[in-house]
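Annotated in TrEMBL:
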- 79-159: domain 'Cadherin' (DOMAIN)
- 160-268: domain 'Cadherin' (DOMAIN)
- 269-383: domain 'Cadherin' (DOMAIN)
- 384-488: domain 'Cadherin' (DOMAIN)
- 488-598: domain 'Cadherin' (DOMAIN)
- 261-291: region 'Disordered' (REGION)
- 1-19: signal peptide (SIGNAL)
- 615-636: transmembrane segment (TRANSMEM)
Amino acid sequence: MRTYHCFWLLFWAGQPLQSFLTPLSKRTSGFPEKEKVLVLSGNSRREVHRSKRSWMWNQFFLLEEYTGTDYQYVGKLHSDQDKGDGSLKYILSGDGAGDLFIINENTGDIQATKRLDREEKPVYILRAQAINRRTGRPVEPESEFIIKIHDINDNEPMFTKDVYNASIPEMSDVGTFVVQVTATDADDPTYGNSAKVVYSILQGQPYFSVESETGIIKTALLNMDRENREKYQVVIQAKDMGGQMGGLSGTTTVNITLTDVNDNPPRFPQSTYQFRAPESTPPDSPVGRIKANDADVDENAEIEYSITEGDGYDMFGITTDKDTQEGIITVKKALDFENKSLYILKVEATNTHVDPRFLYLGPFKDSATVRIQVEDVDEPPVFSRPAYIMEVKEDVPINSVIGTVTAQDPDAAKNPVKYSVDRHTDMDRVFNINSGNGSIFTSKPLDRETLLWHNITVIAAEINNPKQSSRVPVFIKVLDVNDNAPEFAMFYETFVCENAKAEQLIQTLSAVDKDDSYSGHQFSFSLAPEAASSSNFTLQDNRDNTAGIFTRKTRYNRHEMSTYFLPVVISDNEYPIQSSTETVTIRVCACDHRGKMLSCNAEALIHPTGLSTGALIAILLCIIILLVTVVLFAALRRQRKKEPLIISKEDIRDNIVSYNDEGGGEEDTQAFDIGTLRNPEAIDDNKLRRDIVPETLFMPRRTATARDNTDVRDFINQRLKENDTDPTGRKA
């Protein structure tokens with residue numbers, strides 16, 4: 001009979017809750033059960049049946065976080081080849097062998113040397129073998145077994161965030177989702193309830209609730225109003241062991257903010273507002289500000305103001321200040337205290353962003369009454385028109401009234417007004433005005449041909465307060481009268497050939513008139529009566545404001561008459577009729593057969609233009625003025641005074657000694673030695689002047705040495721220094 005050997009795994013069961021034995025889940029081979037095997041574990045024994053004799057292995061279970069003082073017993077290895085005589089040796093290898101786990105090589109007992117943490121390493125895989133001590137050969141094949149660390153509840157739930165922040169709109173329904181919190185437990189979720197987390201709310205009721213299994217926070221109270229309370233702090237607890245007593249727990253804080261919705265309409269703090277505005281307030285100027293309060297914020301508090309009714313609807317306007325949400329009341333038209341002193345307006349404030357969900361709370365608008373009192377101010381006189389246009393004929397006599405301006409004091413006092421003409425607009429004083437009644441009259445003759453329009457300004461001022469004044473433009477048009485006779489359009493000077501034929505056209509005339517004509521000018525031309533019968537020329541009126549001069553005879557002789565002066569009368573058809581006599585100069589010249597002038601005595605025909613006497617006189621005067629200016633300029637340059645070289649408070653003449661001596665000129669080198677002044681001790685008594693004869697002669701004698709004259713030296717040095725630095729000094 002063949003013998004099979006087996007390696008027994010004996011589990012320690014003497015100490016409860018330290019290690020556990022799991023029954024063998026399957027056999028190592030398919031042999032039928034034939035014999036009973038005794039397996040020892042501590043002081044207990046039980047019988048098992050096996051189909052063959054071979055290695056048997058199982059799992060060891062070891063509790064984590066062992067706190068005992070001795071090594072923690074894991075289990076026992078035993079081979080059926082072990083006779084108890086010490087011939088076998090047990091060897092352990094694998095995870096932690098020799099460090100975390102040790103084995104008694106004689107008995108096969110396995111122990112853990114350190115505290116184990118399942119969260120660090122939950123499973124250890126080891127290998128066991130029995131060898132013969134003498135031969136060192138294994139008596140059984142190596143077998144692998146597992147040590148599983150059994151979990152205990154040593155980790156509390158940890159939230160993914162220390163602080164959660166969330167926000168929801170105010171007035172949300174009950175059960176509205178706020179935020180979900182999550183906590184994790186490092187314990188084994190497959191063993192017991194150590195990792196089963198349950199959520200609960202510690203702070204934040206009755207406003208919020210939390211689902212125990214999911215950690216979802218929801219609203220629990222209806223109509224939470226941001227205007228009453230905006231921020232909430234909720235504390236959530238996560239507890240393991242399914243929330244049972246003895247479970248570990250962790251907490252987190254959730255900060256919840258209610259966001260604003262437009263659930264509050266604007267409201268005026270008072271029903272009536274009163275303002276005052278002077279009647280002189282210019283248009284678009286502010287009168288006052290009003291504000292409706294809105295408990296909402298941001299765009300939910302934006303307000304639009306409008307004037308809905310009132311007797312000042314067209315006199316005032318209102319706009320919204322976007323920064324302060326105030327209504328600014330402004331003047332649209334000029335105010336007049338005398339016309340109306342009190343305006344009553346109805347102003348409405350409306351939200352621009354209305355939420356339809358809250359329309360049931362009432363209309364989101366409010367109204368108030370605004371009373372505006374117009375204050376009287378001293379106003380300047382007011383003219384009856386913004387401008388005046390007057391017409392006057394140019395031939396009116398002086399002091400003729402041409403029109404009247406009218407101004408009145410608009411105030412209730414009705415102060416009297418005086419009138420005047422702004423002389424800056426009438427420098428020639430052509431017009432004047434009656435200061436009492438405002439009638440404008442002429443003070444000088446008018447001439448339409450010189451100036452057609454006169455634009456003057458009339459001032460109206462209160463007599464009691466001249467500072468209160470106003471101005472009005474007056475446009476005066478000078479009307480034309482027929483006071484100018486027609487005249488030639490140009491100076492006519494022509495010629496006639498000596499061989500001219502009769503009835504030959506030699507010149508066409510035209511005329512102009514400075515006067516105006518509403519229907520157009522109609523001029524008539526004729527020869528003066530004194531030349532009509534005896535003239536050598538005839539005049540033909542063309543009836544189109546032109547006329548032609550024709551020859552009356554066949555030939556002309558320039559030696560008999562070289563120049564003809566033909567008087568022509570020009571008349572207009574206006575009332576009164578004006579006429580003038582103009583002269584046409586006709587020279588007799590020699591011409592060729594084609595009528596081209598060859599020569600004549602009329603040098604003016606060749607040089608028709610010349611300088612008049614007045615022009616020559618003006619040119620001569622200019623030349624004289626220019627010469628006089630040049631002469632005066634030259635005389636002033638000659639008489640320019642030379643500035644003194646020495647300027648001193650003391651008169652230098654006091655220090656000058658007159659000698660009535662005449663010097664010897666540049667060649668006189670012994671007349672005076674300047675070195676003597678610089679060094680008085682170097683005086684040479686033997687040297688005599690050569691320019692004069694000495695009065696007495698003295699024998700040479702030795703004189704005492706003169707002491708240094710410092711006064712003279714200082715004086716000379718000072719004057720030299722002053723002249724060297726004098727900018728006005730000139731070289732001789």
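Heads up, residue numbers simply count up from 1 along the chain you see.
Glycine too: its Cβ is placed from the backbone N, Cα and C atoms.
Keep in mind the model is a prediction, meaning the values are calculated, not measured.
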Quiz prompt | Cβ contacts under 8 Å made by the region 'Disordered' (261-291) with residues that lie 6+ beyond its boundaries | solution = 169-171, 225-227, 300, 303, 305, 316, 321, 324-337, 347, 349-351, 353-355, 357-358, 361-377, 379
Exercise. Could you pull the average pLDDT for the domain 'Cadherin' (384-488)?
Key: 93
Quiz item: What does DSSP give as the helix, strand and coil breakdown of the domain 'Cadherin' (384-488)?
Solution: 0 helix, 47 strand, 58 coil
Exercise. Kindly report the helix/strand/coil residue split of the domain 'Cadherin' (160-268) according to DSSP, in that order.
Key: 3 helix, 47 strand, 59 coil
